[in-house]
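Worksheet for the structure shown next.
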Amino acid sequence: MEPVCVKDFTLPELEEWVQGIGERSFRARQLFRHVYGRGVRSWSECSDLSRMFRVQLEHGVELDALSVLKKEQADDGTSKYLFGLRDGHSIEAVLIPDLPRSTLCVSSQVGCALGCKFCLTGSLGFKRNLSAAEIVDQVCQVQRDLGSRSRITNIVFMGMGEPLANLDSVLRAIRVIAEPNGMAFSHRRITLSTAGLVPQLRRLGRESPVNLAVSLHAAENELRAELMPVNRTYPLEVLMAACREYPLPPRKRITFEYILLDGINDDPKQAKQLVKLLHGIRAKVNLMPFNPHPGSVFRKPSEQRVLAFQEALQNARITTHVRRSRGGEIGAACGQLVAEYG
């Protein structure tokens, strides 16, 4: 039997698999509870399974898709996990405590192909997509590390990679994470952030009710294309049309993320352009002062410019928050993930 990873299976797929090896379908629900409820480290811990079934699992089904290579913790409590993959690549995930919430930022790719100019991850280039198991296991491994001390309450696809460029694996991972017989995460507590791959954005709206965040960072095409090459393929008018058509539950809004770059996109004129761009969309805005990293040509704007930009949006009745950097001293802040080991 070719080895498989249990975390690659949705529950219906696992039910089909266990029936294929001669077991009854309810065994799949037992496995989900052991893997995601109890966090077992070995199939031998599953004492309610027959010895023969456990032997089959031990010889053909892997429990983990990745391993923790390194963990760093910042003074503010933010933790960065470096994970090793079986092919030698590595990725990072970040746990951000903000009581009573504890948010895990997960990666969806090794590297990223989009090449956003302000993002250190983009400088790595694209290596490969993650499997569903490699996405799910980031959640499992961090929760295993936390133990009974704390629970992950929110998951955000804002780590390494563009989630919509790996949508098949991301949707499969979300189905596993949200499965009531497993981790039972509410879709309301899962957020996916995208630079704006429009066809995949439309598919996401049809297939998964997770929260949507759009990385915007400029309100006019020329500047956005300079900062984010994806804008040349899907310019703002195309992206915003897709956002206007995106299916939103009552009282839900799309989050628009806007990194403030000193002297680039942070003046009052651009705030007005952003207000105009968001007209007619149920939107909220997260402003993020740039997190400096080695080799970057961009600078963090002054607090005065940040607050002035926020005020301009709030005066237009757009809910606007300033997201303060977390974990910057360990390279865990937004746009800083590079998965270096050493």
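Glycine residues also receive a Cβ, built from the backbone N, Cα and C atoms like all the rest.
Of all Cβ atoms in the shown protein chains, 26 besides its own fall within 10 Å of the Cβ of Glu92 (active site, proton acceptor). Taken from Swiss-Prot, the feature active site, proton acceptor applies to Glu92, supported by sequence analysis.
Per Swiss-Prot, the feature domain 'Radical SAM core' maps to 98-329; the stated evidence is sequence analysis.
In the structure as shown, the Cβ atom of Cys105 (disulfide bond) sits within 10 Å of 26 other Cβ atoms. According to Swiss-Prot, the feature disulfide bond maps to Cys105-Cys334, an assignment based on sequence analysis.
Swiss-Prot lists Cys112, Cys116, Cys119 with the feature [4Fe-4S] cluster binding site. All protein chains shown were included, and the count of other CB atoms within 10 Å of the CB of Cys116 ([4Fe-4S] cluster binding site) stands at 21. In the three-state DSSP reading, Cys116 ([4Fe-4S] cluster binding site) counts as coil.
Shown in sequence order, Cys116, Ser193, Thr194, Ala195, Gly196, Met228, Glu257 are the residues of the chain, 6+ apart in sequence, with a C-beta less than 8 angstroms from the C-beta of Ser215 (S-adenosyl-L-methionine binding site). According to Swiss-Prot, the feature S-adenosyl-L-methionine binding site maps to Gly161, Glu162, Ser193, Ser215, Leu216, His217, Asn291, an assignment based on sequence analysis.
If you look up Swiss-Prot, you'll see Cys334 marked as active site, S-methylcysteine intermediate, on the strength of sequence analysis.
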Closest of Glu92, Cys105, Cys112, Cys119 to His217 (S-adenosyl-L-methionine binding site), Cα positions, recorded positions only: Cys119
DSSP three-state assignment (helix, strand or coil) for His217 (S-adenosyl-L-methionine binding site): coil
Cys105 (disulfide bond) to Cys112 ([4Fe-4S] cluster binding site) - Cα separation in whole Å: 16
Nonlocal residues around Glu162 (S-adenosyl-L-methionine binding site), in sequence order (Cβ under 8 Å, 6 or more apart): Ser108, Gln109, Cys112, Ala113, Leu114, Thr194, Ala195, Leu197
Site extent for S-adenosyl-L-methionine, whole Å (max Cα pair distance, Gly161, Glu162, Ser193, Ser215, Leu216, His217, Asn291): 19
